[in-house]
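Quick notes on the structure that follows.
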C-alpha cells in the first residue's frame, strides 16, 4: 500500500486582488467576481473574492503609506489600533480579523493573492514552504493543466529574507504573479492567463474535496538565493542599468561571465560569482524603491507524497 498524506477537506478560500493597487489584473478579476462569481464557485466550497487595498486601488498606486504585502508580521498585527498607524497596517489588522487570525484554527484554508509584475515572468506561482505536500500537489496540477504554456514556481523560503505577506494568514498561502504588464495597465493575454490559473486551482481543490487521490509527484522550483541591487554612486543613486542581454530573460540561465548591468559610459558589469543562476523579477518597476534589480535563484526539485481528503 502506498503511503499517503490525509488532509482535511478545504472549506474556505479567498481570492485577493488589489494588494497592490496598480496591479490591475487581480483588481479587474476580483471586481468582476464580486458582481458575478459563477465561474469561481465550486460545490461545497466557500470562495470569497476580496479587494485588499481599496484606497490604493482607487488611486491606482501600489500603496498609500507602506507596502501591504510586507506588514503581516506579529509586530504590525499586534499594534494597538489607532489613526496614527499607517493605513496599510490598519488594513492588515482588518484583513487578519476577517480572514485569520494568522496561525489559528479559524483562519481561511487557502488565500490566492493576485499580482502583476513588469518583469517577463510569465505565469508564476509563489510557494512559501518547500515541505507542503498539498501545495506542491496543487502547483503540479496547475502547471500540468496550463501546459504547453509555461508556469514557473518561485520558492521564497529563506533563513534571512522574511516576507510577511498578505496571504500568509491562510493555512495554505498562494501567490500568483503574471507578467509582463505595466503598472496601471490591463492586458487581455495576461488576464486570460491569471484567470486560467485560478480556474485550475479551484478545480484541483474541488477534485480533492470530492475524494480524488493525487499520486506522488515532483515539481521543479526556483528557490531564491539573494537579491541583487543596482550599482550605485557615492550618493546612493543608480549608476548602471539592466544590460540588454539580461532584460526580459527571467528564469533563463545566467553564467558568472554574462553581462547584467551597463553604465552610461558603456561599461559592462558581469554577474560574477562562481555558479550559474536563474534571475527573476528582472528590472521590476516596484522594486527600484526596494533596491532590487533582480533576484538570483537556483533550481531544485520538490517531491510530494500522495494526498487525499480525510472525508473519503
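Including glycine, each Cβ sits where the backbone N, Cα and C put it.
Keep in mind that TrEMBL annotations are predicted by a computer and have not been checked by a curator.
Some features that TrEMBL has for this protein:
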{"type": "ACT_SITE", "residues": "177", "note": "active site, proton donor/acceptor"}
{"type": "BINDING", "residues": "20, 23, 115", "note": "Zn(2+) binding site"}
{"type": "BINDING", "residues": "62, 177, 287", "note": "N-acetyl-L-aspartate binding site"}
{"type": "BINDING", "residues": "69, 70, 163, 164, 165, 166, 167", "note": "substrate binding site"}
{"type": "DOMAIN", "residues": "10-205", "note": "domain 'Succinylglutamate desuccinylase/Aspartoacylase catalytic'"}
{"type": "DOMAIN", "residues": "218-297", "note": "domain 'AstE/AspA barrel-sandwich hybrid'"}
Those recorded positions of 70, 163, 165, 167, 177, 287 having Cα within 10 angstroms of residue 20 (Zn(2+) binding site): none
Three-state composition of the domain 'AstE/AspA barrel-sandwich hybrid' (218-297), taking helix and strand from DSSP: 3 helix, 33 strand, 44 coil
Candidate with the highest Cβ count within 10 Å, taken from the binding-site residues 69, 165, 166: 166
Overall pLDDT of the domain 'AstE/AspA barrel-sandwich hybrid' (218-297), taken as the mean: 97
Proximal but sequence-remote residues of the same chain as residue 115 (Zn(2+) binding site) (Cβ under 8 Å, at least 6 apart): 19, 20, 23, 26, 175, 176, 177, 178
Residue 62 (N-acetyl-L-aspartate binding site) versus residue 166 (substrate binding site) - Cα distance in angstrom: 14
Pairwise Cα distance for residue 164 (substrate binding site)/residue 287 (N-acetyl-L-aspartate binding site) [Å, integer]: 16
Other same-chain residues whose Cβ falls within 8 Å of the Cβ centroid of 62, 177, 287, the recorded N-acetyl-L-aspartate site, in sequence order: 20, 23, 115, 116, 117, 118, 281, 284, 285, 286
Sorted by sequence, non-20, 23, 115 residues with Cβ within 8 Å of centre, Zn(2+): 18, 19, 22, 26, 62, 69, 114, 116, 117, 286
Between residue 165 (substrate binding site) and residue 62 (N-acetyl-L-aspartate binding site), the C-alpha gap once rounded to whole angstrom: 15
